[in-house]
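Take this structure, written in structure tokens, and hold onto it; I'll ask about it next.
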Amino acid sequence: MAIITSQTVLQLVVDSTVSHTSSIDSTHQIQCNSLSTIVARRIKESFTTVLTKFHAGYFRVSLSLGGQALLWKTLIGPTDNKSTFRLALHTFHPRAFTLLWSFALVTLVLLSILYLLRCLFYFKMVKDEFLHHVGVNYLFAPSISWLLLLQSAPFFCFNNPYSYVVLWLVFAVPIVVLDVKIYGQWFTKGKKILSAIANPTSHLSVIANLVGAQAAANMGWNESAICFFLLGMVHYLVLFVTLYQRFSGTDILPTMLRPALFLYFAAPSMASLAWQSIAGSFGTASKVLFFLSLFLFMSLVLRPTLFKRSMRRFNVAWWAFSFPLSVLALASMEYAEEVKSDAANLLMLLLLTSSVIVSVGLIIFTLLNTHILVLPHNSDPISSLPTLRSNSTTTASFMIRSMASQRSQPEVNTPQSSRFTDGIKRSLSSILTKFHAGYFRISLSLGGQALLWKTLIGPTHDKSTLRHLVHKFHPTAYLVLWSFALFILILLSLLYILRCLFYFKMVKAEFLHHVGVNYLFAPWISWLLLLQSAPFATPKTTSYYVLWWFFAVPVVALDVKIYGQWFTKGKKFLSTVANPTSQISVIGNLVGALAAASMGWKESAVCLFSLGMVHYLVLLVTLYQRFSGSDRIPAMLRPVFFLFFAAPSVASLAWESITGAFDTASKMLFFLSLFLFISLVCRPALFRRSMRRFNVAWWAYSFPLTILALASTEYAEEVKGSTAHLLMLLLLALSVLVSLGLTIFTLLNTRMLLPDNDPISTLHHLPTVSP
């Protein structure tokens, strides 16, 4: 009995112990299960947060790294450049490049996986991104990144018939599909009107085509390369003009996304490289594109305040600085290899250093700020943008201080001075307050005539009777003409210097004026014309070089100021300030190119020519569309319409100086100027009101006619036909008669040269688009 009782008690103890142990185990299991559930839930929430806030804009990182990989592969590759700097870079260890490429590949694979998961689980958000006017452009970034890594791969061969070709097709086909969708909706029915949605990120679609063209050219697929290059450049042209006109421009971009403005110079840089791959050399076309990208880069760098607000807090948008700099550095390297000069190598060194420093800095900033990389302090810039901003713009009046109000300066009474001295003071003060840069129209016309007659009496291969008779023009008469032009230019320059010294506020008001600012190019153009037509100055001499620099640098400085504000932030929207006098800025670049080519400075000539022609194209389209056009030019200033054919005439002469022959391109420009001249001459009613009373604005007729006559002489020398010589005779006679008539009218109407109601002074309303 005792034994049974003890067994029962023992059984109860054992059962209770087992029960207690099992309860502890179950409690521990429940706790473990709940902990794993919490961890899984948090991982899922974090993963969900990453996928919902991640977008194609993060491929900026892979774009930059891919650009750096391609840059360094090119640097360590074979080269004909024997400069010390290039040889030093060539020692960059291949393993370091392989490490860089591998890092870029890992980053791109990671970003691609994340975006594929986003497409799988959040396709609606991807669709919204596609419908976004900024987000849709970054859909090109993954394909661009893969194509860059494909070209820079250390183990791929371009001539591999399978792997390289297959991968190129995989990455290039999505670009074409997006091209058809995006470019197609620009000119067909739909709400995505280009003038309303265009923004700097739109350049990515162009860059994608150009990168595809470069990769295709490397395989030897020239036809595919030309096709992609054509698609990219045609739509780049459309974009370039639209963004310069700034119907939307940077206004639909928040400050955090302003680094995307650097894409302005990424597209022409990539185009220069793509064309080099197609043509086999960094020729004139590639140089023109490279100089354009260099100018756009300078225009942005000289406006640091534009990016000040975007740099306050780190954001992934900062990576938009890196890729354009890498591509520009790569283009500068190819340019230096072609030119083989110290200046080109120094430029390559500066751009390469900037590119590397920016890329390394961005990597460090990104690693130090990973907690705000996907989870920014504020909402992501692309997510915070409105879906689509309408194209309606409000117009505000932009008032320039009236020059007349500044003329009424209080006179200082000097009873001790004589009346004669007071009279001289009042006269000089009256002249300086009424004088402005528009009076340099006279020196422009006389300088053009001097250059025309120097060309006519110079050596020629044209044996026609007409040219032989013109060639007998006495050198003394030409010397008198040139001296007279020099005297007038010196007199005008002295007056303007005095105006700057004593009435600087009026000069500043002139600079802020949408018409007056363009005539600030006129003094420098006049000096360049007289320099080329000088009877005693010969090119390729030290004095000629120094004078060219002295007269050309202000032209470039004005370019950076005026052209830069057209496509960056500010009130000077091209679509509102463009007028026929804006073409004087183009003429300034082309005359500078003409003078540089005569010295044998072909690179400087191509640079200035490219700046002039690209912006002439923008101006021509804008003025043809007549958003403002002649509506803000009073009747007295309508002679400036003759500048429409002056620009292509100078361009034909500049291109002839660069190439050494009046070839097809020069003929095309000459025919364009001839057509524009005929179009204006057939509309005499346009100028009827401006001819009622003499005004200095009449001198705007002379210079364009003189340059057109000069272009016709070069055309006649090239063609050697009777029709060409007859055309030359007509234009030459018309040019001389107009210039001579204007000189006589001016001498007979000296009292009317400084009227109180000067047209430029009375232009004070300047409509702008409110930001």
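Each residue, glycine too, has its Cβ placed from N, Cα and C.
For reference, TrEMBL lists these features for the protein:
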type	residues	note
TRANSMEM	99-123	transmembrane segment
TRANSMEM	135-156	transmembrane segment
TRANSMEM	162-184	transmembrane segment
TRANSMEM	223-244	transmembrane segment
TRANSMEM	256-278	transmembrane segment
TRANSMEM	284-302	transmembrane segment
TRANSMEM	314-333	transmembrane segment
TRANSMEM	438-457	transmembrane segment
TRANSMEM	477-499	transmembrane segment
TRANSMEM	542-563	transmembrane segment
TRANSMEM	667-686	transmembrane segment
TRANSMEM	698-716	transmembrane segment
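Walk me through the surroundings of each of these features.
Under 8 Å from some Cβ of the transmembrane segment (135-156) lie the Cβ atoms of residues 55-57, 59-60, 62-63, 66-67, 69-70, 72-73, 94, 97-98, 101, 104-105, 108, 111-112, 115, 128-129, 163-164, 167-168, 170-172, 174-175, 178, 182, 199, 201-205, 207-208, 211-212, 214-215, 218, 382, all in the same chain and six or more residues away from its ends.
Sequence-distant neighbours of the transmembrane segment (162-184) (same chain, 6+ residues past either end, Cβ-Cβ under 8 Å): 136, 139-140, 143, 146-147, 150, 156, 205, 208-209, 212, 215-216, 219, 228, 231, 235.
Within the same chain, residues 172, 175, 179, 183, 186, 194-195, 198-200, 202-203, 205-210, 212-214, 216-217, 264, 267-268, 271, 274-275, 277-278, 566-567, 574, 614, 617-618, 621-622 sit at least 6 positions outside the transmembrane segment (223-244) and bring their C-beta atoms closer than 8 Å to a C-beta of that stretch.
Outside the transmembrane segment (256-278) by six or more residues, the chain places 134, 199-201, 203-204, 206-207, 210-211, 213-214, 217-218, 222, 225-226, 228-229, 232-233, 236, 243, 250, 285-287, 289-290, 292-294, 296-297, 300, 306-307, 309-310, 315, 317-321, 323-325, 327-328, 330-331, 334-335, 378, 381-382, 385, 567-568 with a CB less than 8 A from a CB of the stretch.
If you look at the transmembrane segment (314-333), the same-chain residues 6 or more away from its ends with a CB under 8 A from one of its CBs are 57-58, 60-61, 63-64, 67-68, 70-71, 74-75, 256-257, 259-260, 262-266, 269-270, 272-273, 286, 289-290, 293-294, 297, 344, 347-348, 351-352, 354-355, 358-359, 362, 365-366, 369, 372-373, 376, 381.
Within the chain carrying the transmembrane segment (477-499), a Cβ under 8 angstroms from the stretch's Cβ atoms is held by residues 428, 431-432, 435-437, 439-440, 442-443, 446-447, 449-450, 453-454, 457, 506-507, 523, 526-527, 530, 533-535, all 6 or more beyond its ends.
Taking Cβ pairs closer than 8 Å, the transmembrane segment (542-563) reaches residues 295, 298-299, 302, 517, 520-521, 524-525, 527-528, 531, 572, 585, 588-589, 592, 595-596, 599, 608, 611, 615 in its own chain, all 6 or more past its ends.
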Sequence-remote contacts (6 or more beyond its ends) of the transmembrane segment (438-457), Cβ cut-off under 8 Å?
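The answer is 467, 470-471, 473, 475, 478, 481-482, 484-485, 488-489, 492, 495-496, 515-516, 519, 522-523, 525-526, 529-530, 532-533, 535, 696-697, 699-700, 702-703, 706-707, 709-710, 713-714, 732, 735-736, 739, 742, 746, 753, 758, 760.
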What parts of the chain pack near the transmembrane segment (698-716), using Cβ distances under 8 Å and only residues at least 6 beyond its ends?
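That would be 441-442, 444-445, 448-449, 451-452, 455-456, 462, 464, 467, 637, 639-640, 642-646, 649-650, 652-653, 656, 662, 666-667, 670, 673-674, 677, 690-691, 724-725, 727-728, 731-732, 734-735, 738-739, 742, 745-746.
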